[in-house]
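J.: Under the heading active site, proton donor, TrEMBL lists Lys129. Taken from TrEMBL, the feature substrate binding site applies to Lys93, Gln114, Lys117, Gly168, Ser380. Here TrEMBL flags Thr212, Asn243 as NAD(+) binding site. The annotation site 'Important for catalysis' is assigned in TrEMBL to Asp169.
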Amino acid sequence: MQTATAYVNAVYEKACQKDTEQKEFLQALKEFFDTITPVLAQHPQLIEENILERLIEPERIYQFRVPWTDDQGKVQVNRGFRVQYNATIGPYKGGLRFHPSVNQSIMKFLGFEQTFKNCLTGLPIGGGKGGSDFDPKGKSDREVMRFCQSFMTELQKYIGPDQDVPAGDIGVGSREIGYLFGQYKKINSYQAGVITGKPIPMGGSLGRTEATGYGLVYFANEMLKEANQSFKGQRVVVSGSGNVAIYAIKKVHELGGTVIACSDSNGYIFDKNGIDVATLKQVKEVERKRLTAYLEKNPKATYHEGNVWQLEANFTIALPCATQNEIDEVAAKHILAKGVFAVVEGANMPSDLAAIACYHEAGILYGPSKAANAGGVAVSALEMSQNNLRLSWTLEEVDEKLKEIMKTIFLTCRNTAKAYGVAGNYLSGANIASFLKIAEAMVAQGVV
Ligand SMILES: NC(=O)C1=CN([C@@H]2O[C@H](COP(=O)(O)OP(=O)(O)OC[C@H]3O[C@@H](n4cnc5c(N)ncnc54)[C@H](OP(=O)(O)O)[C@@H]3O)[C@@H](O)[C@H]2O)C=CC1
Ligand SMILES: O=C(O)CCC(=O)C(=O)O
């Protein structure tokens, strides 16, 4: 029989030949494959089952036309996707991203990551992802509504509370979820569990808006505690200024750290006394303006064009919360030189492979996205539970459950890494633990 290494290499090579152009997807595979060879060496039956080749192939992908009419009466056309990656342990579950960069490679990498992330939550949810190359920026509410209605008119054929349950991601917040759910209800009937991240009066869960950012900081806090450190007195940089970033900043401040910079895709603000969360929320959540508007209300802050990971000031903790591959090798070396001893990921795959290699070489703490940002989907699963039970938990109840889930995910990563002889490598811990869980379930269900 093939050795584990030969098997992993052969599956990766085949994927590279089949999906040559899908660079984000292949990157996600490589990051995962590099860590799981020891598991395959210990469980050769998984090689006989050809588990990897089965796992990396999405169960199905829908791609569809989304026509809509803009405020000038002109017909626009976007492309919609839903990748139903893996439903072995529960219904497909994962967000929808509206961003001009969306393509099949990005949808597949996100669906692949989601499958393992969802395993780590310990909740019965499979993996999926979807979205569109539609750009909500600069569109009126009515344009966004018409787009969402057209998108859902097609998507509703493929989803259901026990089948596939979408939610938000980049460019999709409670406004978009409200419009999407409204259209689903018009075509079908009220089935609260068909989508999560709903506005509270439509059956949403308290705490879902905050969950990814808070969960990230709870996970980071566990990593810091394990290293006899804490957020107290730390200077923190958070990239992005969207949903995940805002609530990560809020929680860091509650735990005694100071977030000195955050960003959008054009530039970043530096506020040495700490980003003012109330102002940031007003600018981004209420007024939906660019980050530069923060300066009108906080003139002491400064604005700089470019990537926040070029920041001149020293800092100790990096929380990337914007997008994939925002930290490359150059940025990683820069932040290490600035004194960073912990990188914990709120965005999906924000560090490229060379950046991750830099973290490992420097021996700093590294919290990978599929573990550290699992709080959002975990609370989405709690929203599904509340919808099924027809009750609503308080914010405190949801937050307590989130804290517990993030602590358990951390312990799973820590203990699995130790058991496989790579103590402190939370990337290996996350990949191995989630792989073992899904592989066992896939073997149990037979070759389907
Ligand atoms: N929302 C959730 O519950 C979860 C989100 N995530 C991940 O967290 C990350 C952020 O998502 P979320 O906060 O929800 O999204 P939002 O749309 O609320 O915010 C995204 C932020 O990232 C910035 N950004 C997006 N694309 C780029 C880019 N190409 N270059 C630089 N900056 C960019 C945006 O700036 P600009 O406004 O200029 O575009 C904005 O500040 C994503 O990776 C997402 O997949 C992970 C788990 C759950
Ligand atoms: O809440 C969800 O279902 C999905 C969140 C998400 O898209 C993610 O975890 O990347």
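Every residue, even glycine, has its Cβ placed from backbone N, Cα and C.
A TrEMBL annotation is a machine prediction, not a hand-curated record.
Locate each feature and note its surroundings.
T.: According to DSSP, Lys129 (active site, proton donor) is assigned to a strand segment. Within the same chain, residues at least six positions away from Lys129 (active site, proton donor) with a Cβ under 8 Å of its Cβ are Arg82, Val83, Tyr85, Gly94, Gly95, Leu96, Arg97, Met107, Leu110, Gly111, Gln114, Asp169.
Its Cβ taken as reference, Lys117 (substrate binding site) is surrounded by 28 other Cβ atoms within 10 Å in the chains shown.
In the three-state DSSP scheme, Asn243 (NAD(+) binding site) is classed as helix.
Asp169 (site 'Important for catalysis'): 26 other CB atoms within 10 A of its CB, across all protein chains.
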J.: Going along the chain, which residues six or more apart from Gly168 (substrate binding site) have their CB under 8 A from its CB?
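T.: The answer is Gly95, Leu96, Ser174, Glu176, Ile177, Gly197, Asn243.
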J.: Only counting partners 6 or more residues apart, tell me which same-chain residues put their Cβ under 8 Å from the Cβ of Lys93 (substrate binding site).
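T.: Same-chain residues close to Lys93 (substrate binding site) (Cβ under 8 Å, separated by 6 or more) are Gln114, Asn118, Ile125, Gly126, Gly127, Gly128, Asp164, Val165, Ala167, Val377, Ser380, Ala381.
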J.: Calculate the distance in Å between the alpha carbons (Cα) of Thr212 (NAD(+) binding site) and Lys117 (substrate binding site), and round it to a whole number.
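T.: If we compare the Cα positions of Thr212 (NAD(+) binding site) and Lys117 (substrate binding site), the gap is 12 Å.
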J.: Provide the three-state secondary structure of Gln114 (substrate binding site) computed with DSSP.
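T.: Gln114 (substrate binding site) sits in a helix per DSSP.
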J.: Quick check on the binding-site residues Thr212, Asn243: which one has the highest count of other Cβ atoms within 10 Å of its Cβ?
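T.: Compared across Thr212, Asn243, the most Cβ atoms within 10 Å surround Thr212.
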J.: I'd like to know which of the recorded positions listed (Gln114, Lys117, Gly168, Asp169, Thr212) lie near ligand 1, counting only a CB under 6 Å away.
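T.: So the answer is Gly168, Asp169, Thr212.
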